[in-house]
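J.: Grabbed the feature section from Swiss-Prot, which reads as follows:
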type     : residues                                          : note
ACT_SITE : D246                                              : active site, proton acceptor
BINDING  : G84, G86, R87, K107, D119, G120, R170, R177, D256 : ATP binding site
BINDING  : N247, D256                                        : Mg(2+) binding site
Amino acid sequence: MTLSFITRWRDELPETYTALSPTPLNNARLIWHNTELANTLSIPSSLFKNAAGVWGGETLLPGMSPLAQVYSGHQFGVWAGQLGDGRGILLGEQLLADGTTMDWHLKGAGLTPYSRMGDGRAVLRSTIRESLASEAMHYLGIPTTRALSIVTSDSPVYRETVEPGAMLIRVAPSHLRFGHFEHFYYRREPEKVRQLADFAIRHYWSHLEDDEDKYRLWFNDVVARTASLIAQWQTVGFAHGVMNTDNMSLLGLTLDYGPFGFLDDYEPGFICNHSDHQGRYSFDNQPAVALWNLQRLAQTLSPFVAVDALNEALDSYQQVLLTHYGQRMRQKLGFMTEQKEDNALLNELFSLMARERSDYTRTFRMLSLTEQHSAASPLRDEFIDRAAFDDWFARYRGRLQQDEVSDSERQQLMQSVNPALVLRNWLAQRAIEAAEKGDMTELHRLHEALRNPFSDRADDYVSRPPDWGKRLEVSCSS
């Protein structure tokens, strides 16, 4: 089967990119590819028999027209000016059989006009982390870009140490970022901002294209998608680590996996990025940062969208966020209805978990085993202050009894939303260290495990992290 690629971005937004081809690595070789995603995209298996080929930027498929996009943004709350694809190249937009499209973005593709002081390269460590994280998020049901392939090479890349150069192909319906709009707004080119909005609506919100109120309705949906995404991050315990405006997806996807981390101990102020000295992107600050980023996007639209309409959309953010968050947390607690005491019970559990530094994922998974008429719980042994747990647990069981639902039905629901497995940093690190020594077994094994995060397991993937694996420092260097 021949893959079909189109050139909408190249044809319709000529001032937003520089056309150029990837710069191949030395002795590049394919070490992993996403078979399930490849099947979804109808990619022939024969394409993966090459050592590198398109996966390593050595060849292009018919119809591909590679380019690097320009955008700007606020980084850590400060205007950073022009940024852009400093090491990534959009290879092409695949047209699928159902009429939708999928961007193919090659990360680590070499120098571009937007590389600034960088070398245009990515390292094996960061490509493995992104592949694992994006697939983990996908199987958790959270909107995200996805990873299609990884190549490693003999090309040295200099970071804190010398690391092997690598490339990753990331796919997504679109790579439109808040930063695309900021770029032209701050260049005082509002018509180009409008062109970006029209492009987005035409291709991703086509049902609004002929509506005279299309810009307001479109921005309302961008706000809602962002609020929903952040609610999902918070419920699963995911910290992004670098929520700059250029890393915010217009479609509400999790984009740009850098110094991310899933909670081990429940620590509301968890900071996963060791460069975030002020804690701007701490776990508990993510909802506020996302709203701040939406405000920056709204500002770019103000030349052609009424400010009152923009503010109304922004004002809806918190309620949408709380609605999604509340629904998901009630499911995690096994509540089938909404009662006035629910928030208090949840907050009391969080307070107890924070005091005891309880493991976030394990706590909710073990809570899924609760029998509403039994005071016995395997979770009790996870707490030092047994009296405090017993008091909370008795009231929790009383709340469960209000719903008049069988234990088996409720447990089934809870186990479908409380994962047994999340991508803890130490699991990724173990796969990385093996891969850097040439052993890809753990990389493939972990990828396979992450496809079933809600299944019970008996291995160390679902155990408490070892002491060395807690609070691993992760930086933006990749």
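Cβ atoms here come from the backbone N, Cα and C positions, even for glycine.
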J.: Between the recorded positions D119, R170, D246, D256, where is the Cβ count within 10 Å the lowest?
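T.: Result for the recorded positions D119, R170, D246, D256: minimum number of other Cβ atoms within 10 Å at D119.
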J.: What three-state class does DSSP give R87 (ATP binding site)?
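T.: Its secondary structure by DSSP: coil.
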J.: Cα distance, N247 (Mg(2+) binding site) to G84 (ATP binding site), nearest Å?
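T.: G84 (ATP binding site) and N247 (Mg(2+) binding site) have their Cα atoms 11 Å apart.
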J.: Sequence gap of 6 or more, C-beta under 8 Å: which same-chain residues meet both conditions with respect to N247 (Mg(2+) binding site)?
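T.: The answer is G73, R177, G179, H240, L255, D256.
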J.: From the Cα of D246 (active site, proton acceptor) across to the Cα of R87 (ATP binding site), what is the distance in angstrom?
T.: 14
J.: Among G84, G86, R87, K107, D119, G120, R170, R177, D256, which the record lists as binding ATP, how far apart in Å are the two most distant Cα atoms?
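T.: Pairwise Cα check on G84, G86, R87, K107, D119, G120, R170, R177, D256 gives a maximum of 23 Å.
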J.: Please report how many Å separate the Cα atom of R170 (ATP binding site) from that of D246 (active site, proton acceptor), as a whole number.
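T.: Answer for this pair: 17 Å between alpha carbons.
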J.: According to DSSP, does R170 (ATP binding site) fall in a helix, a strand, or coil?
T.: strand
